[in-house]
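> For reference, the structure I am asking about is given below.
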Amino acid sequence: MAKSVYSSFKLLTYGLAATLLYHFVFFMDGYDQQMLSLCMRAFEETLHLSPATLSVLATVESVSLVVCCIIWGYLVDIYECRHVFAIAIGCMGTACILLGCASKYALLVALRIFHGAALGCTPPALQKIVTTSTHESHHGLAFGILHACSCLGRLFSALLVTSVASLRGFKNIPGWRICYVATGIVWIVVGTLVWNFLKTDEDITQVTDQEEDIHITETLGAIFRTWTSRVLLFVFFISDAPFCAFTYMILYLQYLGLSDLSAGFSCALTLLGGLLGGGFGGYLVDLCHKKNPTYGRLIAGNVIMIVRLVASLALFLGPSANGYLPWYQILEFMIIGATLMTISSIDRPILAAVVEKKYQASAIGFNRCIAGVISSCTFMPLAGLLTEKVFGYIQSNVAISKLAEATKLTNSEALRRTMMYMTCVGTAINSLCYIIFLFTYPNDCHVNEKNRPKEEILDSSRSV
């Protein structure tokens, strides 16, 4: 693999094909990561796994993903991004194919670790791609569009995988196995395309700058130099709470009497909201930033947190769905989904502003690693503990439609309370962190300007 040799300050240019390609990668990343939660009921029926054992699968994959983020991030900063990314994508495809063929629990755990390790390359690679090719004033929209692509992938997965996972296909093969094998094949094809075509115009014309060596101690010092970057580490941690909570949403809706397809459609509403929130929300956040470069994004973040908290309380404390979703719950799902764009359109641009560009992949890798390990070891086990031990979830291998009404009520109530507490408490703490940023960010947000030659600042300001 060739080493990375581009300038830390000069913006790179990706052609149309390369731009579409890395957006499609994020689409596939969302599709892939959504599959585990969508197949939970199918795993419970065909592999006889309980919510606790399912949470172990989700936990080990999440921990593996975030632990390997730090490794991939450092590699992306040192070597050519497309080569590192292509290798990781090939590993994703191999893991998916093997997961589609495995049945033993120990093997499933091992493959989930391998799968998560490969997925860990996506956040640092795309952080590097965006921050080195997009002006700071457009980061909200750029990351928002990527968030929308991920939500579109999750939406497509929710509609397709949910309706197929529990079915029996050729030679009585469970549908979820077919889904995983097909996804793996697509990943391998995409990895080949990334290796050959994810090039910048500078790569094509062979215009490069002097190669720089990046040392781990230097990287760590640059990443956590400011108070904003330190608090941002906690923000990445607490932002995972709603995502972990919503892992149980489809199962919750199935216990409320919705069919597999209807439950998938209901979850798709959240993703549809995320799709709209990523695109339009990212654009609006950038408008706020242009109006007030110091406080615009932070004020927008607090407004979004308030909206999410209100919508979550309305969803979980209002009347429950009874076989169908009323219009107001459809709206609540979409609003909650739209507000989940903060991790992309607010947190990532803040990171881009307080850490030098040449450390961006390592920065997102270190943050996702440290925060992700803590959140994976906290939120996923906490969700399983609250559901089963605190709120009395009753495990069963019987189809939900054949369960006693008392059992269905107990299980749905346990899932509802778990999701409500994790989502609302996490949102309130996230908002508190954005308030802290109001005092730290103004002094920390000019790190790239301080390290950039004056003539390049003038050139970039003219290009906006």
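The backbone N, Cα and C atoms fix where each Cβ goes, and this holds for glycine too.
Just lifted these from TrEMBL, have a look:
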TRANSMEM  12-31  transmembrane segment
DOMAIN    18-443  domain 'Major facilitator superfamily (MFS) profile'
TRANSMEM  52-76  transmembrane segment
TRANSMEM  82-102  transmembrane segment
TRANSMEM  175-198  transmembrane segment
TRANSMEM  231-251  transmembrane segment
TRANSMEM  263-285  transmembrane segment
TRANSMEM  297-318  transmembrane segment
TRANSMEM  324-343  transmembrane segment
TRANSMEM  418-441  transmembrane segment
> When only pairs 6 or more apart in sequence are counted, do the transmembrane segment (263-285) and the transmembrane segment (82-102) reach 3 or more Cβ pairs under 8 Å?
no
> Could you give the residue numbers and ranges of same-chain residues that sit at least 6 residues beyond the transmembrane segment (12-31) on either side and whose C-beta is under 8 angstroms from one of its C-beta atoms?
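Non-local partners: 6, 85, 89, 119, 122, 126, 129, 132-133, 145-146, 149-154, 156-157, 183, 186-187, 190, 193-194, 197-202, 204.
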> Considering only Cβ pairs under 8 Å, which range in 82-102, 231-251, 324-343 makes the most contacts with the transmembrane segment (418-441)?
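When the Cβ pairs under 8 Å are tallied, 231-251 comes out ahead.
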